[in-house]
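Down below is the structure, laid out as structure tokens.
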């Protein structure tokens, strides 16, 4: 299946002919890149398609007649932005020149897409499919006209700190119509090495999932150059028809050179360089300096593969005998469920001590198993998987991390995750590997110190923390995705029609959406927050913490605060659409004020602030500390008043029960007093009547 | 002991003195005693039948009873203080009706005043409750139902 996929990928261009395409003139409506390069969506160039991009006719408006084509990244996999930055303007005779790149409003899809404008190779692809047979290049000038320019191109890339990782005959082009010069094709539209056939990859890289090979090192490019050279010299793939698993097994047992070259007729003068390029030991593999020396006539002793340490007696696994730990590890990795019991039973350790007589390795294996079984709450399957993954690392430290069907180099984790997310595949194995700290085990198995390992260890610890904190926005799998993939554009569904590759593009993109978004959609979904958290250079932990609060008011304030910080730090000066969008989401904040009068005041003021387009101003207004304090104090006073009134009412209602008794007593007293009063007054009046 | 027998002796002497004075008074003011005894009969009845807690019914009846009696009593005192005049007053149906009517009005007053006072007090507290509730409603309108929570949250 993988082989089939890679074959399809490697066969980019489909059944296109190798014949040199003429430089066609563009026609119809054009899409413009950076106001200079016209790309014609109606003029396809299927011969130049790559697995993740579609080719179209392009034209330089300032230099008409110059043969160009554009690759539009239409696939779901993330292109290599960093590589594009380095490739642009890099001129090398062995490299298809990247003239310009950038996002364009791609009208056929109604979305923003990434476009790469290359100088068009006039001679077409060297091979359209890996299974093709072409005329062997027997030119005496092969080294000078073909191999040297390609090596120089790799040297140039090396100087820029990038690797090509797409060197295969189906991605080599004849630069001229006469077919005298070959250039390396595009390497930036897909993740590194994802489209490489296993034959073109070193053993360790070939073991990986295609997505998990990672950018690797220049040595991987020189290996691929060696493989391509063999194919050009013999006119075909020497192992065409051999399955991937079998090919890796052959390379492991016999070495790459023996597998690819030993039965072939290659010019004698090429044997030395091929041995150097196809060395399986990266320390022995030739790099640009050694190639340059060779080009300049210095002849060196042929590289001889270092013999692997072999056991005195074989270890039998699945009825096959194994004499080296590396081969055994590969067999175990490919028969995972059958290997786990064998490892845990201790047979392997015994063989390592007695058969291989390597007590140190046996101790490492024992330790790897102990580490895996330590911590009793894991499931049996989980323990077995972790134990086997650790044991495989101990047996073959050069191999990628292998964990059930997952196989990837540490620098390929990002591409795996990116591809899995883009395709909607299950990412459980990736997260399991990180959570179980298998990378730490792999780094611990290195035989030398490198600052890069320390950095990787820290990175994977962080990733583990993000996964453990997965429920929160700004963490989880999405955060890992953006942390591990510098070139990963934001995959938020909000940006389905947009292309947000840089942190500075987040607010403008949201601003464009703002005008047509309803007041229920939150601008900060999991992808957007993870993207911002991974790319924003300053500490935004307080904003993220607020954003993840369950209280809607705090969460909304966190959202506004995060967006405000972004605008404050990175601009743009005004985001009217986004302000309008966010302004419609302020209900929880408005409702967090107790005073209805204040709420009405906010509802009147917010539209005015929205019209200014400033998120920081909006934030400062709705979260004014003085206003909040006044609101709180007034509210407490109102509560006290309400409680006092309630108490008085209660007292009055309780007093009403005894009102009749009181009234009777009072009434009787009043009546008696009145009666006596009348008597006194009457007596006085009568008495005065007699006296005066 | 001597002091005790002395005070007992004084008590008996006072009682004897009192009886002698009443006898002399009865002899000297017989017309007055007759008139008062007959006219104030409702008050004596009120004193006996009143079982209220405050026991002020006799005062209420007595006050008006005496007020109605006062003109006749003063007429007896300031005109002719004779037994004939006293019996003439008692024998006058209108005078007696007025005296007993006033006593009856006093009883009526005693019966109705508590009801009136009760109704007034009821009206006052209901009004106060309405005012307080209205204030509470204004607070709820301004601050929302949260202002009415009494649990401190």
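Even glycines carry a Cβ here, placed using N, Cα and C.
Just so you know, TrEMBL annotations are computer predictions that nobody has curated.
On a predicted model such as this, the values are computed, not experimentally measured, just so you know.
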TrEMBL annotation of region 'Disordered' - which of the ranges A:1-28, A:29-56 it falls on: A:1-28
Segment assigned the feature transmembrane segment in TrEMBL (from A:514-533, A:534-553, A:554-573, A:574-593): A:574-593
Stated TrEMBL location of transmembrane segment, expressed as one of A:648-669, A:670-691: A:670-691
Positions on the same chain near the transmembrane segment (A:670-691), where near means CB under 8 A and six or more residues out: none
Mean per-residue pLDDT computed across the domain 'Protein kinase' (A:1-295): 87
